[in-house]
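S.K.: Features from Swiss-Prot:
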BINDING   111, 115, 116, 117, 340, 341, 342  (6S)-5,6,7,8-tetrahydrofolate binding site
SITE      219  site 'Plays an important role in substrate specificity'
MOD_RES   220  N6-(pyridoxal phosphate)lysine
């Protein structure tokens, strides 16, 4: 049975090695994180929190979880942190359970404009259990309009406002969001899943001084294992937040992942991480600017983060063409989208993964030129084949997980 899994593991390893990954929410963890995630800690059940478990034999995982908590607090300047959420969605759900009652009003960014499913989408728990109201981007600039957000907040009086997004390429002014939340007496949640790496590196405003609670994933720009975290400096709500995670929406935490989160936080505390995040930002800007110069429509006319969206007409077709050429990204809706989410107008491009492999600005500009050729060829098979060859030749200079095999 394991031979079948081993075959798939090696197949996936080869796929990752031979593809250019431009999916903004993906990255490559270190081999240390791979090792810890696959460690014996996966065997330990540990409901509860350090020193307050419902199982015996938790003395070791108490230590590892405390290490993760303290390093997370140090990395972000937080007074309190919970490292148990299985994902960013779980973290958001726990916050809602802690601070809201079913039917309460929440205010988040519209999904088509870059919001997340858990920010009030009608197909998600956040839109089913709560009264979800959305704000949009400015139609002309495709950026946040804080005055318009204030007017919506004043009209609907939400109990919770969510800032932080899954597809927004500009910086977020958490101080302005804080002023809005205070005017309507709402809790303020910053979902920093995509920009956590920039905040940790000091390259983006830290939300903690301005918001009630922060949620994040650990596997995007933080370059850690798949998981979630919650942080807060609001002492009045931290017990509620702990209860929102356990027993609110989770049972036993994933101790092997929590230990890997600790490794992730320690890696991000290394001064080299700031250099990495600056390169991520430089690479995204160089790529976006190249597309702009070629006459493409880039949403919000650029980027200040690790990602941007390109308007290509039929995002699904373009994503499939590029996949055949070993360039992997995702189709995505654009602001004020008129087409289906299953066949949207745009594609989303991100730079964290390939920056981890060593790509610099010139490499991303070269990749942009390859994407341009495939798009302009309308998916011509000869062009796709030529592009795939160019990709494989390029990746020879950027090996991934040397010596690793299953």
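Note that Cβ sites are derived from N, Cα and C of the backbone, with glycine treated the same way.
Map the listed features onto the structure and describe their local environment.
M.R.: Classification of residue 117 ((6S)-5,6,7,8-tetrahydrofolate binding site) by DSSP places it within a helix. Cβ-based neighbour count (10 Å, all protein chains) for residue 117 ((6S)-5,6,7,8-tetrahydrofolate binding site) stands at 16.
Look at residue 219 (site 'Plays an important role in substrate specificity'): DSSP puts it in coil. For residue 219 (site 'Plays an important role in substrate specificity'), the number of other Cβ atoms no farther than 10 Å from its own Cβ, over all displayed protein chains, is 26.
For residue 220 (N6-(pyridoxal phosphate)lysine), the same-chain residues 6+ apart in sequence whose C-beta sits under 8 angstroms from its C-beta are 24, 25, 26, 27, 193, 194, 196, 197, 352.
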S.K.: Rounded to the nearest Å, what's the C-alpha distance separating residue 111 ((6S)-5,6,7,8-tetrahydrofolate binding site) and residue 219 (site 'Plays an important role in substrate specificity')? Just drop the number here, would you?
M.R.: 21
S.K.: Rounded to a whole angstrom, what is the C-alpha distance between residue 341 ((6S)-5,6,7,8-tetrahydrofolate binding site) and residue 219 (site 'Plays an important role in substrate specificity')?
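M.R.: Their Cα atoms are separated by 24 Å.
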